[in-house]
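To start, the structure under review is shown below, and the notes come after it.
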């Protein structure tokens, strides 16, 4: 694992810590999309369906942590009081949410790493992860009030994906490695996050940031 991937995983880990800390500190799920966490759970389940045979590696220990914490976040947002009482269900609704899974599946049919069930699941997870943040961004755009930690959570996810893409392109240029699913899926994710980053930092009227 090269330095970009190590840094990416550290930032990915930090994003989970920030989100969980935000919820526990404020005792509120305001500004947090349950839909996005639900999609991430599917991402981790499909990507790491072979966890049982790779559990000994630190890479997969981290992923098991992501899977477990995502499930815990879903429970907290949806069912655990008083947190679930603050979940903005009406705002966390959008018609385009219904198209995220079909879009990821269609992209998987076009770009996939192989034809085995595990490879198809992993390819699907790559495309689904690229689109997973859309409900979270949509919720932020709707309420226009973003707590500082929630904004940094999304920012960390964007940096995490960006570092992975940099790592992959380095492998393309220096080692001749190529995987269309990984490259295009990662690039799509960066494009999605770049919209949030631009609005969050450049357009002062897009969000009211609550410290």
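Cβ from N, Cα, C; glycine included.
Copied over from TrEMBL:
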TRANSMEM  6-23  transmembrane segment
TRANSMEM  60-79  transmembrane segment
TRANSMEM  99-128  transmembrane segment
TRANSMEM  149-169  transmembrane segment
TRANSMEM  175-201  transmembrane segment
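Spatially, the transmembrane segment (99-128) is adjacent to the transmembrane segment (175-201); three or more Cβ-Cβ distances between them are under 8 Å for residues at least 6 apart in sequence. The list of residues near the transmembrane segment (6-23) in space but at least 6 beyond its ends in sequence, with Cβ under 8 angstroms from a Cβ of it, reads 29, 32, 59, 62, 65-66, 69-70, 72-73, 76-77, 83, 147, 149-150, 152-153, 156-157, 159-161, 163-164, 167.
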